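Shown next, in structure tokens, is the structure this report addresses.
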Amino acid sequence: MVGWSYLHLVLGFDAAVYTIHTWLDARQLRALRRAHPPKELAHLYLAPQDYASKQAYSLDSLCFGMARGAFDSALSAALLLSGFLPWSWNAVGHLLGGAHRPIAQAVLWTLLTSVLNATLGLPWSLARTFGLEARHGFNKTSPATFAMDALKSLGLGLALGPPLIAAVAFILERAGPWVALHLWAFLLAMSMVLMALYPSVIAPLFNSFTPLPQGQLREEIEALAASLHFPLTKLFVIDGSKRSAHSNAYMYGFWRNKRIVLYDTLIEQSSVPQVVAVLAHELGHWALGHTPRLLAAAQVQILGQLALFTALRASPTLASSFGFDPVTSPPFIAFVLFQYLSGPLDEALGCLNNYVTRRFEFQADAFGVAQGRAEDLKAALLVLDKENKSPPHTDPLYSAYHYSHPPLLERLRAIDAAVARGGSCAAETKKKE
């Protein structure tokens with residue numbers, strides 16, 4: 001009985017997390033079914049169908065997520081209880097001739113299980129893209145583009161996955177008592193490499209990046225960047241409309257080589273002052289050091305979890321509780337099983353991270369206010385909210401648990417409060433740092 005304690009623990013954790021998610025979803029459903037929009041935003045819904053359209057999309061999205069969550073939870077429990085994990089591991093071992101080749105076995109097993117997960121998730125991706133998103137006017141992805149994206153993703157997985165998995169398995173085999181530090185250093189190095197490669201190598205495989213043409217928008221963005229001493233080197237427009245009507249903007253780059261990317265949908269849906277206000281917010285994240293602070297916090301979390309893994313990996317019942325042979329199972333299996341056991345910790349850290357990022361969003365908004373962009377920023381947020389059909393109502397507990405960005409009303413109120421304070425919030429925050 002003791003040998004199954006870890007499995008029971010994981011199943012109990014999963015059931016508790018699913019129960020919490022379902023309870024929060026039910027609260028959000030009640031919020032979304034309200035007959036009227038928030039009073040402060042009622043003037044935005046000039047026609048009854050405007051509110052009904054946003055409400056319908058939000059309800060459909062939430063119900064779709066609930067169905068997917070139920071499926072994933074049931075599938076995870078079925079795989080754990082059926083003994084699929086040890087069975088598939090042993091089957092891969094037989095394919096390799098039965099020899100003790102833990103690194104090769106780890107690579108092949110992970111690839112096969114990843115392909116299985118992707119296959120099981122494919123119907124859900126199709127349903128979201130060509131069902132939910134298309135029904136509400138967002139999908140612009142053709143079947144050919146969807147298929148090409150899937151093939152490119154598969155190719156990237158096959159190119160990057162095996163060496164990364166092999167390296168992790170090798171470190172787990174050879175690092176000894178310092179495995180946490182060795183593995184953390186490797187993961188940190190790989191994350192930095194991928195962060196550098198993604199915008200210039202990986203992202204262009206899926207989207208076209210073209211320089212923003214000369215004109216008022218480019219001139220105002222460059223003037224804003226110069227006024228803040230932001231080392232802008234390139235300014236791109238991405239063809240987001242190729243796949244979706246949703247809009248966004250982001251920046252990337254290390255040190256003195258910063259780049260800004262605007263979705264073409266954002267440019268089409270917003271005025272020049274509104275786009276510049278959105279970028280004033282994004283540059284606020286840079287000026288206030290939010291990104292490096294989040295990266296540092298993430299590394300601390302990863303190192304802490306790896307330290308917990310080091311303490312747990314030697315447990316004689318960890319492998320056997322999931323049906324693996326405790327004698328022949330390599331450290332890689334303990335590492336995989338630890339991912340299941342750390343699920344509740346991941347949930348708690350996710351809530352904490354959302355709390356921090358929401359505070360950072362308020363600070364970045366206040367920074368935009370300090371640049372004299374308050375009204376344009378509010379107008380831009382309203383446009384983004386309308387065009388993306390964001391939920392018209394949000395349950396406070398649901399948003400606190402799930403949202404990395406504050407709901408629209410909270411942001412508008414915070415901007416008004418920052419204006420009332422003279423836009424000093426961002427300046428005070430920067431001074432303290």
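Using N, Cα and C of the backbone, Cβ positions are placed for all residues, glycine too.
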From E219, E347, E361, the one annotated by TrEMBL with H281, H285 for Zn(2+): E361
Which listed span TrEMBL calls transmembrane segment, if the choices are 50-68, 69-87, 411-429: 69-87
Binding-site residues compared (H281, H285) - the one with the fewest other Cβ atoms within 10 Å: H285
For the transmembrane segment (178-198), sequence-distant contacts whose Cβ falls under 8 Å of one of its Cβ atoms, 6 or more beyond its ends: 164, 167-168, 171-172, 252, 254, 299, 302-303, 306-307, 309-310, 313, 331
Most crowded position, judged by CB atoms within 10 A, among E361, D365 as recorded positions: D365
Separation of alpha carbons, H285 (Zn(2+) binding site) and D365 (active site, proton donor) (Å): 9
